[in-house]
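Asks: Take a look at this one; I'll ask things after.
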Protein chains: 2
Amino acid sequence: MTIVGTGSGRRTGRQDGVVQFQQVGDLELESGSVLPEVTLAYETWGRLAEDGGNAVLVMHALTGDTHVAHGFAGEDAPELTREAAEAPGWWEGLIGPGAAIDTDKYFVVCPNIVGGCYGSTGPSTPAPASADPERRPWGSRFPLVTIRDTVHAEARLADALGIDSWFLVLGGSMGGGRAAEWAVTHPERVRHCAVVASGPAATAEQLAWGQTQSLAIRQDPHYAGGDYYGGTFPVDGLGLARRIAHITYRSDTELHYRFGRHPQGEEDPAGPLAARRGRYRVESYLDHQASKLAGRFDANSYLVVNEALMSHDITRGRGTLREALARTGCGWVIVAVDSDRLFYPKESEALAEALPEPVEVRHVSSPNGHDGFLLETSQLSKILRDCVPGL
Amino acid sequence: MTIVGTGSGRRTGRQDGVVQFQQVGDLELESGSVLPEVTLAYETWGRLAEDGGNAVLVMHALTGDTHVAHGFAGEDAPELTREAAEAPGWWEGLIGPGAAIDTDKYFVVCPNIVGGCYGSTGPSTPAPASADPERRPWGSRFPLVTIRDTVHAEARLADALGIDSWFLVLGGSMGGGRAAEWAVTHPERVRHCAVVASGPAATAEQLAWGQTQSLAIRQDPHYAGGDYYGGTFPVDGLGLARRIAHITYRSDTELHYRFGRHPQGEEDPAGPLAARRGRYRVESYLDHQASKLAGRFDANSYLVVNEALMSHDITRGRGTLREALARTGCGWVIVAVDSDRLFYPKESEALAEALPEPVEVRHVSSPNGHDGFLLETSQLSKILRDCVPGL
């Protein structure tokens with residue numbers, strides 16, 4: 001994705017779905033390191049009310065970006081900016097004029113996670129002169145940034161935008177983890193929190209899958225320890241990481257019905273050489289997913305946000321899950337996808353049951369597995385309208 | 001594993017659990033290629049009855065070997081041979097004197113799959129002089145050998161051993177697929193067939209996981225297109241393939257209870273550098289699984305048997321599943337592991353329901369997922385005794 005922005009600082013005119021930038025200063029990390037001179041990229045939709053009470057924070061998943069829905073950049077904007085603004089977003093239909101999150105009423109903000117590659121400071125960002133006079137990309141020097149760290153950065157963005165508290169904090173998958181972390185880290189700044197297809201902490205299995213994805217990238221000879229920016233990018237490793245992840249995002253049922261054991265086109269999976277046989281259709285599908293991601297995402301960013309997901313644990317340093325959640329005072333919406341086999345519905349149950357005022361988990365029905373959280377926007381819209389007074 | 005054999009040809013003295021070799025000639029493959037001068041490695045336990053009616057064929061899984069249970073090589077055998085024979089096998093307890101498959105009554109044969117690296121012809125085997133005057137290892141030239149192809153080779157082994165028909169053909173995981181293929185390809189030679197934690201064909205999801213594992217190896221720079229035998233072996237790629245596979249072999253419940261989110265020893269998963277942080281305990285576990293396999297298995301063999309597993313489809317060229325099975329006349333035992341998420345119990349159901357005389361699927365209860373088929377030998381013993389008259 002080409003990042004087309006309108007400059008930094010607080011927004012003055014309404015430009016929905018246009019990337020903007022905010023300096024949030026040096027970020028002290030949980031590890032004790034400091035990431036200097038951090039920028040957050042973000043997009044907004046709608047207008048912030050005078051009392052600042054109508055703000056909604058939407059947070060993306062692992063390889064997501066700031067473009068949660070289409071918008072408009074205005075007639076005077078450059079063509080590329082207009083096109084980028086008008087492109088459909090990754091939660092199209094959930095957010096917009098008249099949608100469940102109605103941008104005629106609410107002011108929606110969607111920031112890019114720290115470490116990402118959609119405008120926020122990440123491993124491909126040139127290090128500031130204070131850290132590297134040559135201003136080379138961070139690369140291998142980029143620190144581990146936890147979900148909690150990124151929430152701290154986002155709190156500064158809220159400060160800069162004049163938002164004391166969010167009417168609603170909402171995210172799916174890793175974005176759901178970020179939403180939960182927001183509610184626990186800044187309970188006084190979150191009035192409703194919607195956690196979709198996510199849990200209170202990355203599970204052992206997610207750590208295991210996470211390791212395989214990181215290794216897929218690190219073992220690519222072009223990875224060069226993370227400092228590949230002057231050379232060939234480790235697209236094969238990134239593609240393999242994506243394939244592994246993508247299988248966990250879907251369901252075996254879907255793969256069976258869409259692809260079965262069919263060969264891809266005229267290719268012959270039967271050989272004759274094991275090393276050079278044709279592909280099954282499901283392999284072609286994974287190849288497509290891999291090259292799509294490799295064409296739009298930075299491998300180091302993948303590593304860093306993958307590590308962030310692995311770091312996710314709202315209980316870290318806060319006792320039991322119940323104790324960690326005791327400090328929260330928001331209304332909670334917990335949503336699980338029934339066929340999810342990466343963020344199991346039982347993780348959603350664990351979160352819902354440990355709340356100060358336990359809620360019932362709402363289920364999105366989907367044959368697709370985890371990605372149902374992105375696909376089933378109608379169901380999700382209905383759940384949000386049912387559960388969040390005012391929507 | 002060091003292969004310690006006693007020479008080729010039909011066995012003369014009783015040496016249980018000792019690797020032997022049988023030449024089975026040129027193997028015409030489904031793809032139309034020919035793999036010349038194929039050798040099968042195998043082990044046996046017990047004695048073949050005069051009428052040849054007590055023979056049991058046991059078939060191993062993806063990275064398995066011929067050593068299904070311990071045995072004895074006799075006092076006169078070399079020490080290494082004795083040690084190898086006496087080592088516990090991968091289905092220890094299921095097979096042996098007095099066990100469910102009682103080697104005082106039955107003659108058990110366990111061959112290494114074609115393409116493997118435990119003595120049968122595989123990619124690391126020097127090509128015969130007829131194919132390569134320099135007798136270099138097959139490497140990248142090794143053909144795709146389907147499950148059906150390997151069954152053809154095993155039928156020649158049965159011929160050489162004087163076994164007209166097997167009392168029982170038994171296997172788990174890929175071995176279960178081999179067992180089912182035996183029953184369909186040679187219906188007149190199989191009296192009972194036990195298919196454990198396997199299905200009638202590799203599923204779309206198994207093809208997907210299979211692709212990631214093959215790519216993990218192929219993308220290792222030391223893989224060298226498959227011709228790495230003179231140089232460094234692609235152990236990192238093989239290790240990554242194993243990690244991916246191993247997660248699919250276990251259950252999220254097991255990973256959660258065994259490892260949770262604990263760090264490994266004194267290591268610090270929190271950083272500070274994303275590229276060089278400490279490990280979680282579950283990562284150390286996967287590292288261990290990876291290096292164990294890389295120390296005992298050939299990467300090309302992994303690719304070739306992985307491709308064989310992907311090729312598994314007892315219906316290929318035989319119509320519907322029901323039509324393919326209509327030719328069989330054996331007694332069937334279909335066993336599923338309740339927590340299996342690689343070979344789902346529903347695959348076992350599909351097989352059981354399509355039989356000429358449908359049977360009820362028997363379930364092994366295990367918290368471990370697919371690997372329960374290796375771990376729960378007591379349950380499996382009981383099921384086999386219940387279902388196979390004579391055991």
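Residue positions begin at 1 at the first shown residue.
Here the Cβ of each residue, glycine as well, is placed from N, Cα and C on the backbone.
As the structure is a computational prediction, the values presented were derived from the model and not from experiment.
Quick paste from TrEMBL:
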- B:68-376: domain 'AB hydrolase-1' (DOMAIN)
- B:Ser173: active site, nucleophile (ACT_SITE)
- B:Arg242, B:Asp371: substrate binding site (BINDING)
- B:Asp340: active site (ACT_SITE)
- B:His370: active site (ACT_SITE)
Asks: Would you count the other C-beta atoms found within 10 angstroms of the C-beta of B:Asp371 (substrate binding site) for me?
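Replies: Its Cβ shell of radius 10 Å holds 23 other Cβ atoms.
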Asks: Rounded to a whole number, how many Å is the Cα of B:Asp340 (active site) away from the Cα of B:Ser173 (active site, nucleophile)?
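Replies: Taking the Cα atoms only, B:Asp340 (active site) lies 10 Å from B:Ser173 (active site, nucleophile).
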Asks: What three-state class does DSSP give B:Asp371 (substrate binding site)?
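Replies: In three-state terms, B:Asp371 (substrate binding site) counts as helix.
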Asks: To the nearest whole angstrom, what is the C-alpha distance linking B:Asp371 (substrate binding site) and B:Ser173 (active site, nucleophile)?
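Replies: A Cα-Cα distance of 9 Å.
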Asks: Under 8 Å Cβ to Cβ from B:His370 (active site), same chain, six or more residues apart: give me those in sequence order, or none if nothing qualifies.
Replies: B:Ser173, B:Ala197, B:Thr248, B:Tyr249, B:Arg250, B:Val337, B:Asp340, B:Arg341, B:Leu342, B:Phe343
Asks: Give, as a single whole number between 0 and 100, the mean pLDDT over the domain 'AB hydrolase-1' (B:68-376).
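Replies: Within the domain 'AB hydrolase-1' (B:68-376), the model's average pLDDT equals 97.
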Asks: Report the same-chain neighbours of B:Arg242 (substrate binding site): residues 6+ apart in sequence with Cβ closer than 8 Å to its Cβ, ordered by sequence.
Replies: B:Thr63, B:Gln289, B:Ala290, B:Leu293, B:Ala294
